[in-house]
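Pulled from Swiss-Prot:
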BINDING   Val118, Arg125, Phe126, Ser277, Arg314, Pro546  acetyl-CoA binding site
BINDING   Arg342, Glu437, Gly462, Phe463, Leu464, Asp465  glyoxylate binding site
ACT_SITE  Arg342  active site, proton acceptor
BINDING   Glu437, Asp465  Mg(2+) binding site
MOD_RES   Cys622  cysteine sulfenic acid (-SOH)
ACT_SITE  Asp636  active site, proton donor
Amino acid sequence: MTDRVTVGNLRVARALYDFITDEALAGTDLDPDSFWSGVDKVVTDLTPRNQELLARRDDLQAQIDKWHRQRAIGPHDADEYKQFLTEIGYLEPDPGDFTITTAGVDDEITTTAGPQLVVPVLNARFALNAANARWGSLYDALYGTDVISDEDGAEKGTSYNRVRGDKVIAYAREFLDGAAPLASGSYADATGFRIEDGQVQVELGDDQWVGLAGPDQFVGYTGELGSPQWSILLRNNGLHIEILIDPDSPVGSTDKAGVKDVVLESAVTTIMDFEDSVAAVDAEDKVLGYRNWLGLNRGDLSEEVSKGDKTFTRVLNPDRTYTTPDGSGELTLPGRSLLFVRNVGHLMTNDAITDAEGNEVFEGIQDALFTGLIAMHGLKESDANGPLRNSRTGSVYIVKPKMHGPAEVAYTVDLFSRVEDVLGLPQNTLKVGIMDEERRTTLNLKACIKAAADRVVFINTGFLDRTGDEIHTSMEAGPMIRKGAMKSQPWIKAYEDQNVDVGLATGFSGRAQIGKGMWAMTDLMADMVEQKIGQPKAGATTAWVPSPTAATLHAMHYHQVDVYAVHKELEGKQRASLDDLLTIPLAKELAWAPEEIREEVDNNCQSILGYVVRWIDAGVGCSKVPDIHDIALMEDRATLRISSQLLANWLRHGVITEEDVKTSLRRMAAVVDEQNAKDPDFKPMATDPDSSIAFQAAQELILAGGTQPSGYTEPILHRRRREYKASVAGA
């Protein structure tokens, strides 16, 4: 039984109450009693509206399901369908032209295009690594990944391989030629660096010194001039590059110019995630996340890290200080990524707080209140709050996921306004990032943005969740195409193009981020370097990466592409059509061979089991899960949603049977067990699937997938994780 504290109409779990009262409120000017009274009033006032919005989702879905069932025979009539969606209010009127007016936004969001990390906030080590990923070693990122091939004796091995190192150096030199070119010649021939009359000069041999083609790219240096250990700071497209020189270092001693590393400004922004990448089902889990968020904002989060036989304490990096080119002043740059926090959406409740009748309170309301409170510590430097700030403009950046349409965005805006009143913050301090990952938001994106025109700081596409909603919305329309074919569908390109077009049309360029989705293949960095440049070329000022290393590699793309120049080329264009956006990804004909159907079912069942077993048994919400071909993929609830919804759709339309699903799950459980055999804490599923809560959760996600709200996986996952935790506690 959870120990609770009575706060007006609310019953707050003791662990949460004590943390907020004793830790989160400390160092603010807020009175605890007044704060908790404000929490009570916000919950009481806004809960009915949240419930109404969820009821509206259900009502629209029921009408769409009925419409499709009535037209099960015969071809899909696109015009009739569009008219129907308009009549029921699913498609809303265009709000007309406008420009967003969000003010007080940090440069990292408004004018600096670069990578964005998303990291589970419940894991302190991951959170610290991500916050510190503002700067990353290009040499390390190249040496440790497949961007540098193993050919010609360049294998990684257990010790430094000079052949591989030379390949890294050559690659980095070529990158510098593109990002900060010399007036003549190439960095590949550099034998020395110096500063003369406030300008960088590079020796190309035989005492031939050349400057930069763009002298203004040199913005600072560290160390004493003439010292063997120093560095040069360059800037290109708003991002910084630091060339570290130390001829006595192991790498520098092998380099004819003494360069030991090239450091890139990498993860310009990071999302600390309370949503799809975490498994937070109760007060204990929520407090862990809130405490880490507090440490990040106060600047005192730390974690003991062991590597081999060494243990050290990881902390947040300080800011970086350089001498200006003429030697007369200082330039200070942020040492850490600018932090967003992603709250949960409008659907879920959490028993960290209940009302007087025992009903769980909406988790999104809790998150807004508590992450907003905690973020106050990141707005100022003081003895109580620590030496590090997050925002330098006094803003709090909250990503709000899984909103369906403008009314839900308007509700978020009103919720944030109420939170500001409770916290004593100026109106519009809490900024909102809108995830464009639900179909009704995509179709009404401009109206969604208008509802938050004075708070919005980003829009971001999320292909996997968006596909999950695409399938669920049209569950009754017929069987969908295979998962791998989704990316080639007309609605996908229209979706990605429209997000950029609408963002530009509403004034995002220079004011807010236009974001694109995650690279999920964590080990295939050569492919990422080749392909992910397409996102900035499409107008994205940021795109998601799965690791600090990936952030450094993806940062190269923003040196190769001037995104704000791309915006000028795209402004005024409307590349996406509503007809394409409304094209349902139905299979034209069921021409799959039995082995193709089995392959699709097995692929999805294996993916579901591999993710769910770690969610349920280990409380891990974001995993590097090997697929059926043993390729490591970054999985979170979004990938689970699309896999479970596709199989639920095929089950609904008779492409597969319930027995097909159960048979595949049992077969794939053995595969997942084998893939996790080296994990001493892993509990095998295949030996007794009926008693494995994780296996039963995976099966339920498919068999009951058609009836889950919007196809979301959270209700089943949360219930099953609580069941597992209770079974362990009672053992």
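The backbone N, Cα and C atoms fix where each Cβ goes, and this holds for glycine too.
Per Cα geometry, Ser277 is the residue among the binding-site residues Phe126, Ser277, Gly462, Asp465, Pro546 nearest to Asp636 (active site, proton donor). In space, Ser277 is the closest of the recorded positions Arg125, Ser277, Arg314, Pro546, Cys622 to Glu437 (glyoxylate binding site), judged by Cα positions. In this record, glyoxylate is bound by Arg342, Glu437, Gly462, Phe463, Leu464, Asp465; the longest C-alpha to C-alpha distance in that set is 17 Å. For Phe126 (acetyl-CoA binding site), the same-chain residues lying six or more positions away in sequence with a CB closer than 8 A to its CB are Val119, Pro120. Comparing C-alpha positions, Ser277 (acetyl-CoA binding site) sits nearest to Cys622 among the recorded positions Gly462, Asp465, Cys622. The C-beta environment of Phe463 (glyoxylate binding site), restricted to residues of the same chain at least 6 apart in sequence and closer than 8 Å, consists of Lys487, Ile492, Gly517. Counting only the Cα atoms, the space from Arg342 (glyoxylate binding site) to Val118 (acetyl-CoA binding site) is about 9 angstrom. For Leu464 (glyoxylate binding site), the same-chain residues that are 6 or more apart in sequence and have a Cβ closer than 8 Å to its Cβ are Gly517, Ala638, Thr639, Arg641, Ile642. Long-range Cβ proximity for Cys622 (cysteine sulfenic acid (-SOH)), meaning a same-chain Cβ under 8 A and a gap of 6 or more residues, is found for Pro120, Asp273, Asp276, Ser277, Val278, Met634, Glu635, Asp636.
Recorded residues Asp465 (glyoxylate binding site) and Arg314 (acetyl-CoA binding site) have their alpha carbons 34 Å apart, per Cα-Cα distance. Non-local contacts of Arg314 (acetyl-CoA binding site) by the CB criterion (under 8 A, 6+ apart in sequence, same chain) comprise Arg125, Leu128, Asn129, Asn132, Ser302, Glu303, Glu304, Val305.
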